Structures are given as C-alpha cells and as structure tokens.
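Q: Dropping a structure here in structure tokens format, bear with me for questions.
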There are 2 protein chains.
Amino acid sequence: MTPTPVDLLIEARWIIPVKPDNTTLEHHAIAVHDGRIVAVLPINEARSRFVATKTVSLPDHVVTPGFVNLHCHAAMTLMRGLADDLPLMRWLQEAIWPAESRHASHAFVRDGSLLAAAEMLRGGITTCNDMYFFPEATAEAFARLGLRGVLGITVIEFPSQYAADADDYLRKGLEARDAWRDNPLIRFALAPHAPYTVSNKSFERIGALADELELPIHIHIHETAGEVADSVREFGQRPVARLESLGLLGPSLIGVHAVHLDTEDIERLAIHQCAIAHCPTSNMKLASGAAPVASLLDRQLAVGLGSDGAASNNRLDLLREMRQASLLAKLQTSDAAALPAHQALRMATLDGARALGLDAEIGSIEPGKAADIAALRIDDPDELPCYHPASHLIHVLDRRAVSDVWVGGQRRVKHGKLLQITNTELLGIARLWQNKLRQ
Amino acid sequence: MTPTPVDLLIEARWIIPVKPDNTTLEHHAIAVHDGRIVAVLPINEARSRFVATKTVSLPDHVVTPGFVNLHCHAAMTLMRGLADDLPLMRWLQEAIWPAESRHASHAFVRDGSLLAAAEMLRGGITTCNDMYFFPEATAEAFARLGLRGVLGITVIEFPSQYAADADDYLRKGLEARDAWRDNPLIRFALAPHAPYTVSNKSFERIGALADELELPIHIHIHETAGEVADSVREFGQRPVARLESLGLLGPSLIGVHAVHLDTEDIERLAIHQCAIAHCPTSNMKLASGAAPVASLLDRQLAVGLGSDGAASNNRLDLLREMRQASLLAKLQTSDAAALPAHQALRMATLDGARALGLDAEIGSIEPGKAADIAALRIDDPDELPCYHPASHLIHVLDRRAVSDVWVGGQRRVKHGKLLQITNTELLGIARLWQNKLRQ
C-alpha cells in the first residue's frame, strides 16, 4: 500500500484525545492534512501509512486538544492587577470604569487583545470566547496571531467610547461581524453584558437576532447575591427566570459565572440545555462564591472553563482554571474524587466547544476535526516523577510547560515561542499602555 | 568616608522586605557580608557606602525574603501524583502506605529529599520544616543542596522500615540531631505524627523533651472531621483539648492543617500562642476543608504556609500556596479584601519563621538577619503590565519566574539554575524511583 501524503505528523509520548473519555494513548501520532486531523494511531503504523511533509517529534510530551477559554475580556489585559484586593463594586467604580472611560479605544482594545492572544496561545489556548467593546479590534488581534475567536457583539445600556446606546452597540457589532465574515478563525456571538445592565426591550431584540442569525448568546449571570436580590426587587423575578420569560434561554446561551443559583434556577437552565462558563479563580478572587458545578454537571449542562479578564484573575491561563475547578469542586463537595483530572480537561476543551456550538469542529483530537492542538513537556526534574499524565496536567504542570501549539494545523507556538509576533513588540505594547494607565 | 567592603551587593528594581509591613522599595540594594544582611538602602547610596566583592543587578526583578515552607514531607516527592482523585483513607491505604512499606529506606528518603530540595530552592523556598522517616537522610539532601531545614524527629505508634516503636523513633531521631549538631543549616523538631497515631505516654515524653531540649513540636491536627469525632469517642476530648491536657500546647507547637476547629479549639490555640501551618492546596485536594484562617489571624496566631508532600498537592511551591491562601480566604469570608498580597507574602516568610522560632534569624530582609533571599523576574510579556509588584507576586507570577536564590548569603540558584546539583543527576534519581515504584 502506498503511503498517503499528509502535511504534518505529530508523534508524542502521550496523547489525551478527550474523546473517547478517560483515555491516554502512549506512543501515538496525529496525522494532519489541510488543517484537519486525518488519523490518530500508533507511531509505527503512522510511519507506514503516511508520508508527511513535516514530522514533529515530542518524546517527553503530553498532547491534548487546544484549550477553549469560554469567558474572557481580552483587552483588559492592559489592566492586569491594576486594582487587587478590592470588593467588586469598589474595584469597578474606583479602578476599572474610570480607566476604561479614559482609555478605551480601537487601539487600546487591539493592543490589549494582542497581549492577551499571545498569553493565551503560549498557554495552550486555541479558542477564546471574548466580550468587550470594539470587538473588531479584538478580531484584528486574534486573526493576526492566529487564535480562534468568538467575539461578543457587546450590548449594554450605557454609553461608552465605543457606542451611544443599545442599538448603536448592536449596529456596530453586526457591522464587525459582516467585515470578518470570510475569516475562518473569527466568529461572533451576541453578548448582552448582564441582566442588570440590559433592558427587556434590548433582550427581546437580541433574542430575535440570535434566532435569525444563529448566534450564541454570551452573558454574565448570577455572579453576585446582590444582583439576584436587585432583580427580584426590580423585576419580581430572579435573573434566570427573567431571561426565560424573555425567551433567551436555550442551548445557544452561555451563562457566565452562575454562582448564586437555587435549585429552580438550575432546573430552568437544565430544561433549556443552557451552557455555563465556570470561572473559578475570578469567582474566588472577587469573593463572589463558588458555582454549584457538581449540580450543573449532574444535570448534563455543558460546563466549560473561563479565565475572565486579566484585571480580575490575573492570568489568562486554563491550566490554572482546570486545577482550580478541580480543587474547588473537591472542597465544595467534601469529596476528593470530585471533578477528576480527565473531566477537568474535558471541561477546558470539548465541553467549552460544545457550549459554543463548535464541538463538531474542535475540542477533541479526532479524525475530521480541526487540528487545534497543545503539547506540554514533562521533562523538568521539578515535575518528575510522572505516573499519570492527565493528573500531571491538572496538578503539576504550569503554563510554561506548553511547548507547541497548532490552530487549524498551523503552528502558532514552537518550543515555547510565538511565531507570529516578537517579544520586543509585545513588551513595547505593555510598556506604552502601562505608562498611559499609570497617569 | 571610605566605603565598607562587603561580600555582595544585590541591586533590584523592587524589594519587598516584609518588615516594615506593606512596603515595596524601588531601586534599592541589599548589602550582604558573612552571610548576613548588613543594610537595605537606595542603590546610589549603596554604591557610595559599600565596595562589594560581587554585585548582582536585578533590573526587572522583585526581591523578597526566601520563602519558609512550614509543612512538608520532602521524600514523598518520589510519589508525586501516584494516586490522585482518591478520598484520604483510600489514598493512604491503597497507595501511599503500601508504597512506603515496600520502598522507604535511607536511599529513598535521601533521593526524594534531593528532588524536593531542588524543586523548593528553584521555587524560592529557603527553609523547609519537614516531617518523615529517616530524617538524617533528608538532612543529608538539604545540606548538600544548601536548603535550610528543620527536620522532624518523627514519632508514630506503628513500626516502619525506619523504627520499631515510639521509643525507637525518638532514639533514632535524637541521634540524627546529635550527628547534625554542627551544621548551621540543619535544625530539628519533635514531630509526633498526629493525635490519632500517638499515645498519651509518648506525648508526655515528647512534651518533656521539647522543654528540656527547647525544640519545636510539629504535628498534624484536626485535618479531618473524622479524626475529631474519633478522638471524642476514644478520649472524651477533641484533639486540641487532649493536647492541652497533656501539656503540649505552647508557642513552640506548630499545628498543621487545623481545618476542623470550633471556637473553643481556636481559643485554646490562641491562649497558648500556638502556631499554625496552613496548607490550602492539600486541604482542597484531599477535600479536608478550609482552615478558619481569618479567625486564627484575628487571634494573632502565627499562621505560616505549607505545601504538604508532593503526593497530596502535587507541587512544593509556596507561590501557589500564597495565591491559594489568598483566594480561599476571599471565598471563605465573602470579602475580596481578605488576605491581601502583602499579608500572604508575610505568611510565607516572616510568619513561618516566627512559627519555627526563627524570626530573629530569617523571614524578612532586615539588617542583622541571615541573607535568605529570592528574586523573581517580571519581564515576560505574558506577565505584563505590572502595576503592583506585591500583587503580581501573588496573582501573576509562577515558580519559573524565580531567577536567583541565596541561603545565608550563598547563591543556590543563578538565572533559574541550581548551582549544587545537575539536572542530569536529578533526572536519573526521578527515573530510578519511578521505575521501582511502578512495579
């Protein structure tokens, strides 16, 4: 039999494909052609079945699907650690909103998103679901660095440097979507900021647009107890019930945070098969609480993981979020077996993809899917011995173990270095904005 | 004025000396002579007041006291991740104890402690309070790599490869102490394993020895709800009350974990000015719970941070523990201002030193103290911008940012590399034992 030509063969010590569940393949290879995974098979078989233009050997590495960051505000990387150890409302009112109102612009968002995309790709993230002003500037940054993005068409009822009112936000966001229509890496979602910042009228328009254009809805929900109480006072309903009344709940809704849920809220989210973006570090850091992840998983909701923005985390790092999700679930349920390693990895990959409606395309290492792949080295004595690569991924490795990353079969990170941008340019961006924001 | 000769001048972008509180010095230098800190002063003044044999310039770095790991089982590094996602008792009975009974030996403990010491030093830890069998083997490893150690004279009522009974444990531990008497880096503590594994008779002997020899007492307490209930059943007292009755509570007692405490337990610990080793990651991972750190700090107890062993964490990394302690305190108290950055750093340095009775010697960057110092680089675009170095230390940096480490003025890590041992030797050790333990 003549070997089939392929673009790329990735030969690895371990591959955790995520599908099938709980599987760690040893000495396997991934064949990639035209940006897609063609086969996953033992290295010896791969060498006889395929002849590759390029072979990458990863003898001490664990290879996983690229991570899906299900909730981010990429541009806020410019405000990383600007104001820590403050309660949520003081943090927003005294630090974040004043900085945004002075500085937010196309350039601010593009530059912040470049730093963010660099950080994410170097940490193995290949898809980011983002929400911020000037989404076209984030699209520009993600496309330049080759990060797959789902960009929020943000809607909020107050004016900003970006837009005047809800209609203006929608108009500008939809224009951005049209402008980026032909880029295979860039998609859009509707992103009403939160129930407490968006009116019923705007929600109705958003619901209609989501149906018509088949767009996901990306929204913060039930982050704090206060916003739930306010909603009951103002609308006579908890936010999730109000969204249900407005026809917003459904499989295309991604509810972010979802910390303060009662059993009825969970029931509503489950009936409508909503997805959840769990952001454990952000929820702990802002003292919001811990989302009832075990209950959400019991009800079969797609629960992915989000970093949130760097102003409230302070890293865009899904390795940290996987570990934190696992530790927090064990603490919360008093069960050391809760949220085991393979499940944490699935949340950071396939379940995030499912939440975005992209699970046919990304989220696991399976033939037919796009070759979004992360490789992590396990060869530092600090990280040895290694008995179980999946558990190592969650509890031992950190982001600097990420050595190589591909998005749609294109290499974005090689031996820990980004290929699309230099450190010099990134450092220049960080310094420029740090000086501006300091003033 | 003639400049004073000193061995070393460390010039840094930022220094956080821990004493005084909440202070970040910019463009300051540390003068070191004969292993001790001589002065902390602006770089320009330092250059005129001192003439140094060696000057180290750290232009993008934050410099802190070396971290004090207040609870570790160094040798267990050989069992890193051997059995994750298991409840505590299954983890002990099915994985850890069988492996220990087959493998524990002087060589196992020395080799595991070498890996551990390497990991700790590279992560900025300069002092480790350890508890395990064969403490003389751990002393050998720590001394070789130049890590300051307080080694537990472990006492437990069951026989092991190391000793036959409580008297034998004590005899061997005290012999080890005598043998290491002249090494300035190595100290000893009495380490009764836990109230549920040590008899009243042994505790009485340990109490007398602690007084006579002026040794700290290092003991696991109140890690699980089960052990508290068992103690009430068996002794008619909660473990802390029982230790009080036995005369064990006092400023030299370091209670590890201290998760399941009621207000009376806290009162007893406070009256006797006991110290606590808080191990947030281990407590979360084994689903033990969250120690009431805010209450303990309110009562002025010295609360330091511990990594616990690599079998239950799975890293010996105080940067992770500082971040986790801060995040967990915010979650637990619903207060985003709880356990702010400077306080987390103080727990990992000066409060740990105070717990060990070593706060006159180490734990802050002050004239007269031993020069135990860690430097971390902040120059990777992934970690920028940086507005507040203390907050960066807790929420942004990870262990690979640690560039340089000194213990007693001796450089142990230079540009991220250990000076006392090669990676080749460490990799050999890890592989050797991984193969043995796998069988």
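Any Cβ shown, glycine's included, is placed from N, Cα and C.
These figures come from a predicted structure and were not determined experimentally.
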Q: Look at the Zn(2+) binding annotation in TrEMBL, where B:His71, B:His73, B:Asp308 are given, and name the residue from B:His220, B:His395 listed for that site too.
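A: According to TrEMBL, the candidate sharing the Zn(2+) site with B:His71, B:His73, B:Asp308 is B:His220.
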Q: If you measure B:His71 (Zn(2+) binding site) to B:His193 (substrate binding site) at Cα, how many Å is it?
A: 12
Q: Looking only at the domain 'Amidohydrolase-related' (B:62-410), what is the model's average confidence as pLDDT?
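A: That region's mean pLDDT is 96.
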Q: I'd like the number of other C-beta atoms within 10 A of the C-beta of B:His73 (Zn(2+) binding site), please.
A: 28
Q: Compute the C-alpha separation of B:His220 (Zn(2+) binding site) from B:His193 (substrate binding site), stating it in Å without decimals.
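A: That separation, Cα to Cα, works out to 6 Å.
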Q: Whole-number Å distance between the CA of B:Glu100 (substrate binding site) and the CA of B:His73 (Zn(2+) binding site)?
A: 12
Q: With the cut-off set at 10 Å between Cβ atoms, which of these binding-site residues ends up with the most neighbours? Options: B:Glu100, B:Glu223, B:Asp308.
A: B:Asp308
Q: Return only the integer: C-alpha distance in Å from B:Glu223 (substrate binding site) to B:Asp308 (Zn(2+) binding site).
A: 12
Q: Near B:His193 (substrate binding site), which residues of its chain come within a Cβ-Cβ distance under 8 Å, counting only those 6 or more away in sequence?
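A: When sequence neighbours closer than 6 are ignored, B:His193 (substrate binding site) has B:Met131, B:Thr154, B:Val155, B:Ile156, B:Ile219, B:His220 within Cβ distance under 8 Å.
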